[in-house]
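Enquirer: Pulled these from TrEMBL:
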DOMAIN    34-214  domain 'BPL/LPL catalytic'
BINDING   Arg78, Gly79, Gly80, Leu81, Ile82, Thr83, Phe84, His85, Ala144, Val145, Gly146, Gly157, Val158, Ala159  substrate binding site
SITE      Lys141  site 'Lowers pKa of active site Cys'
ACT_SITE  Cys175  active site, acyl-thioester intermediate
Amino acid sequence: MQGGRPVVEVVRLGLVSYQEALRLQQFYVNRHRSGPAHTLLLCQHPPVYTTGIRHQPYPAPLLDRLRLLGADVQRTNRGGLITFHGPGQLVCYPVLHLGSFKKSVRWYVSELEKTIISTCSRFGLAASTSPHTGVWVGDNKICAVGIHCGRFVTSHGVALNCNTDMSWFSHVVPCGIVGKGVTSLSAELQRDVGVEEAVPHLLDAFRQQFNCRLADGPAA
């Protein structure tokens, strides 16, 4: 730590399978056992539907139908219901020990939401929270938020739609929220906004919101 602010290492993974991202998150979670090792993993995934923790498992026929679309299907230990990840979506997995920030999961989720709202504002786009999870532009979700926290070490995170193929979302009820839609930076701004354009804005918003220093980590 320097200047009283935690240092967060930024690791750019590029396009990586969801399973590999889970493995890498666990690797960085384990590093916290020997002291704070805050990391921000940035990536995109090949098409994959992920399910969060819920009381009833999703029906096998539904999951099989999603696989037939050419997507992977993965169960996870994050909060939230079913959602989609794919190319053109900026996925950010902060692996932080909240002891260096604030030991509050509610605070942490709120800061993630504010980070995305601030990222959108850098594009001149007004986004907000709602009683539902995630970050919204009107009635359309632009960013999914689903986290896991064990012993105050975080994993999973946020998925910001940049120039994602939005047709993938039509096969599920994203995050289980009926009557709402999904959108992307490209759709809202009516121009192509790729992940690489969004990354520096998200990093700057994250640095300010979490009052931390960012350092480039090793190449993936």
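Numbers here mean position along the shown chain, with the first residue as 1.
Just so it is clear, glycine is given a Cβ too, placed from its N, Cα and C backbone atoms.
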Enquirer: If you measure every Cα to Cα distance among Arg78, Gly79, Gly80, Leu81, Ile82, Thr83, Phe84, His85, Ala144, Val145, Gly146, Gly157, Val158, Ala159, the residues said to bind substrate, what is the biggest one in Å?
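Expert: So the maximum pairwise Cα distance among the substrate binders is 15 Å.
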Enquirer: Across the domain 'BPL/LPL catalytic' (34-214), what does the pLDDT come to on average, as a whole number?
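Expert: Result for the domain 'BPL/LPL catalytic' (34-214): average pLDDT 93.
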Enquirer: Let me make sure I understand the structure: which of the recorded positions listed (Arg78, Lys141) has the fewest other Cβ atoms within 10 A of its Cβ?
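Expert: Minimum Cβ neighbour count within 10 Å, taken over the recorded positions Arg78, Lys141, occurs at Arg78.
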Enquirer: Count the other Cβ atoms sitting within 10 Å of the Cβ of Gly80 (substrate binding site), across every protein chain shown.
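Expert: Excluding its own Cβ, Gly80 (substrate binding site) sees 21 Cβ atoms within 10 Å.
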Enquirer: Can you tell me the CA-to-CA distance separating Lys141 (site 'Lowers pKa of active site Cys') and Phe84 (substrate binding site), as a whole number of Å?
Expert: 12
Enquirer: In the structure shown, which of the binding-site residues Ile82, Ala144, Val158 has the fewest other Cβ atoms within 10 Å?
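Expert: Comparing Cβ neighbour counts within 10 Å for the binding-site residues Ile82, Ala144, Val158 gives Ile82.
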